[in-house]
Structure formats: C-alpha cells, structure tokens
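Novice: Would you mind keeping the following structure in view while I ask a few things?
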Protein chains: 2
Amino acid sequence: MSVTNEFLAANEAYAASFGKGDLSMPPARKVTVVTCMDARLDPAKFLGLVEGDAHVIRNAGGRVQDALRSLIISEQLLGTTEIVVIHHTDCGMLTFSNADLRTKLQQELHINAENIDFLPFSNLEQSVRDDVSYLKDSEFIPKSITVSGYIYDVKTGKLLPVA
Amino acid sequence: MSVTNEFLAANEAYAASFGKGDLSMPPARKVTVVTCMDARLDPAKFLGLVEGDAHVIRNAGGRVQDALRSLIISEQLLGTTEIVVIHHTDCGMLTFSNADLRTKLQQELHINAENIDFLPFSNLEQSVRDDVSYLKDSEFIPKSITVSGYIYDVKTGKLLPVA
C-alpha cells in the first residue's frame, strides 16, 4: 500500500469518530508554536494540544525568520498573543553548512542555490536564543506579544526552558 | 496558569511514559507533509502518523513556496521521496488579500509590508493544484519525488484527493 493510501485509510478511521466540526478558526489558547519539521516531534502530544488550541508552524529547524509571514497572519488576523519557539536535540540543522548543501545541489541537480540561506546552526541553545531575540527585535511583532524559547529532547521527550 | 506552564505540565506527563528515545533522524515513511498552521488541524492524528514517521511542515495556508528551504533539506539530506500537500476548508487564507493585510500593518504598526507576499488565495481547490504544480515544475524538486494534493475538511475530519 502506498503512503497516500495508508494516509487515506487512517483518515477514514479518524473522520469516523471526529465530532469536532464546530471549532472556530482563531486558536482557543491564543498561542502559536514554532518548531521543527523533524519526524520525531509530535508537538500536539508533547505539549498537550487538542484540535482548536494553537497555531503550529513547522519548518526545518523551527527557524522564526522563515515563519514571519505566518506569524504576522497569526497575530494580526487570528488574535494570538504568545509565541513559543521550540528547537530540539539531534537536529539535522546541526549537521551541515550552507556551503555543504549548496555544493550538493550544484553537483547533483546542477542548480545554483547561492541565494538561499538554509538557516543551519552549530549551537542549539544559541539558535533558540537567537530566534527569540529575532522576534523580540522584529518590527513586525508587537511588543505586547510574549515570546519564549525551549529545547525538546528527542531522547527523553522532555521540554527544557532556554529563553 | 500561563500557557507555557500548562505546556510544561502536559510535557511532564508525555515524557513520563515516553519510550521513543531511539528513533533515527530520517523519516521512516520517507514522506513530507506540507499543511496549514490552523489550530483545528492535527495532521499526526488525521493521517495516522506516529513519532518518527514523516516530516511535517506547517505554515499559514500550507503554501509550498514558503516551504522550499525545508523541502530541499528534507529530500537532499534526509532521504524523503514523497510530498503530500494538504490545504483545508474554512482556511484563513481565503478571508483577506495582500492589500488588506498590508493596509492593516501600515495603519496599526506603521510598517511597510509591500515586499511581503502573504500568499492568500481565493479558490481552495485551485490553491492545492497551484502548489502541486509549483513543486512539479520547481528545479529544486527532482522529478523522482512524488507530489500529491488534498483538501482536509474541518467540518468532517475527512481528506479529499484533489491533485
């Protein structure tokens, strides 16, 4: 069975006992989580979120620079007042440099990616502090928005406050 | 209790029965899901994903143009071979235009956002087709990568194939 057929079968089971069709669009808990796309992370489970609770933005590394469009929409149009940034241990972003990936793309796909910053990092705690500072300093994020930063440990499932 | 304290309390319960500390970094099912940050969506639940299965990229609308950095990292460095794009009914992206949001930002925060495309859309099915086409045409996405597109119905929990 292909992955998409597996998805459709799993979805049929989910929809059969759904009962959440009357939730409203703005997040009930007025919070937006920014975290990594990593397969080992299930932010709804590790934060105790249910459908309707929170915006969840995910990208490679959970980098906020790459989430700004979504964060502006979340706050300006959907009333969230808090941002929680969560990076994690053993992140792929710790394993390569922009130069590494640009060389690979040039060699294997023959394309020039010099204008793409892949936003890798070499220090996990610092990447969380940097992203929290970036939001606190951004003119697009009103000073009334609370911003905090955490590390999720993929070995233990634990969340550690950082900033 | 603040939202972050609630998150830490929920996380303590999750970590207490974790038992998933030995998962490897590359997604076991070699698939990347791109979907919306909307609070009503829990893609792990509605697709039957467990920790370790799939990269999950989420942003406002589930727009792929805004996910390209992450998709390149997913495929080139972490071995995924399939992309599933999922937009959803009653999406916030159907409710505003770039001009609307730029005017709001100018009036309320006194900032110029003329250079930001917020990627709203006026036709849900078309936005899925557009995003699937964008990936199939992108020089950054190898032709060997399978791309498909779906709509998730927030009233029923059901996934509908589109492209």
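Placed from the backbone N, Cα and C atoms, the Cβ positions cover glycine too.
TrEMBL annotations: computationally assigned, not manually curated.
Here TrEMBL flags B:Cys36, B:Asp38, B:His88, B:Cys91 as Zn(2+) binding site.
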Novice: What residues, ordered by sequence, lie under 8 A Cβ-to-Cβ from B:Cys36 (Zn(2+) binding site) and sit at least six positions away in the same chain?
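Specialist: Correct list: B:Arg58, B:Asn59, B:Ala60, B:Gly61, B:Gly62, B:Ile86, B:His87, B:His88, B:Cys91, B:Met93.
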Novice: Can you list which of the binding-site residues B:Cys36, B:Asp38, B:His88 come closer than 8 Å to chain A, going by CB to CB distance?
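Specialist: Cβ contacts with A, in sequence order: B:Asp38.
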Novice: Within 8 Å of the Cβ centroid of the Zn(2+) site residues B:Cys36, B:Asp38, B:His88, B:Cys91, which other residues of the same chain have their Cβ?
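Specialist: Output for this site, in sequence order: B:Thr35, B:Met37, B:Arg40, B:Leu41, B:Gly61, B:Gly62, B:His87, B:Thr89, B:Asp90, B:Gly92, B:Met93, B:Tyr152, B:Val154.
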Novice: With an 8 Å cut-off on Cβ-Cβ distance and a minimum sequence separation of at least 6, pull the same-chain contacts of B:Asp38 (Zn(2+) binding site), or say none.
Specialist: B:His88, B:Cys91, B:Gly92, B:Val154
Novice: Among all the protein chains here, how many other CB atoms are within 10 A of the CB of B:Cys91 (Zn(2+) binding site)?
Specialist: 23
Novice: Within 10 Å of the Cβ of B:His88 (Zn(2+) binding site), how many other Cβ atoms are there?
Specialist: 23
